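Please read the structure below before turning to the comments.
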């Protein structure tokens, strides 16, 4: 991970996001449709080849021992540390699922256009609290978003400076096209894991609607207080982020008992 992040700091955000979506699932086959092509994942999740590289090295030394799920969880933790974020103790022993669900990926994963209540509901469904949701959203302090996901914001009530707004609109036209153009979700310190993401929300400059809703929605009474706390207290944010990452990493979805895959892209045969 150190090599990957040194070559491109954005790789840290890619791996953290992969862990969030827990989307390192089998590619589509004749009998199984994977989750990569689900709406929240398609064209936006990156970094699979980094996990492939790690898995290949681990398999050569310890075949059949370390799951792809564990590798992804550890890589996400190390990625966070490498760009200035907190460290945490990692539970190990996860198994890789033998199945995938395109339908559940579409229904259970939050999307950038959603309001505060649907997003809270999706976190609660996974056993995560509102506090977990706000803290885990802080991972957007690194990484980028696609034009397709923030176009409505920058042609709506976005309150960034005129010069920055003009730059965003120049690369992401209202009429459509250029959907894969990207912009940092934290335009202040895009490659540093810090609390500036929350400070951006206080100014109404959250690039994604789903982010800004945590502070601006009249329904987000609890989320607004948490955003204020983390904007003013980076240590509180780091502490809660670490705790929430542990909680998220303990979610168990391998109802079939799971396995340790030899290749992260396919179930074992």
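A Cβ is built for glycine as well, from the same backbone N, Cα and C atoms used for every other residue.
Sequence annotations record features per position, and here TrEMBL assigns active site, proton acceptor to 21.
Here TrEMBL flags 68-264 (among others) as disulfide bond.
Taken from TrEMBL, the feature substrate binding site applies to 110. Note on residue 110 (substrate binding site): other Cβ atoms within 10 Å of its Cβ, all shown chains, come to 19.
Residue 140 (heme b binding site) is surrounded by 24 other CB atoms, counting those within 10 A of its CB over all protein chains shown. The heme b binding site feature in TrEMBL is assigned to 140.
For residue 186 (Ca(2+) 2 binding site), other Cβ atoms within 10 Å of its Cβ number 27. According to TrEMBL, the Ca(2+) 2 binding site annotation covers 141, 186, 189, 194.
Applying an 8 A CB threshold to same-chain residues 6+ apart, the list for residue 147 (disulfide bond) reads 171, 172, 178, 179, 180, 181, 182, 183. Look at TrEMBL and you will find 147-172 (among others) tagged as disulfide bond.
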Spatial neighbours, same chain, of residue 194 (Ca(2+) 2 binding site) - Cβ under 8 Å, 6+ residues apart: 84, 141, 234
Integer Å distance between the CA atoms belonging to residue 186 (Ca(2+) 2 binding site) and residue 68 (disulfide bond): 29
Which of 141, 189, all binding-site residues, has a Cβ with the fewest other Cβ atoms inside 10 Å: 189
Neighbouring recorded positions, C-alpha within 10 angstroms of residue 186 (Ca(2+) 2 binding site) - of 21, 110, 140, 264: 140
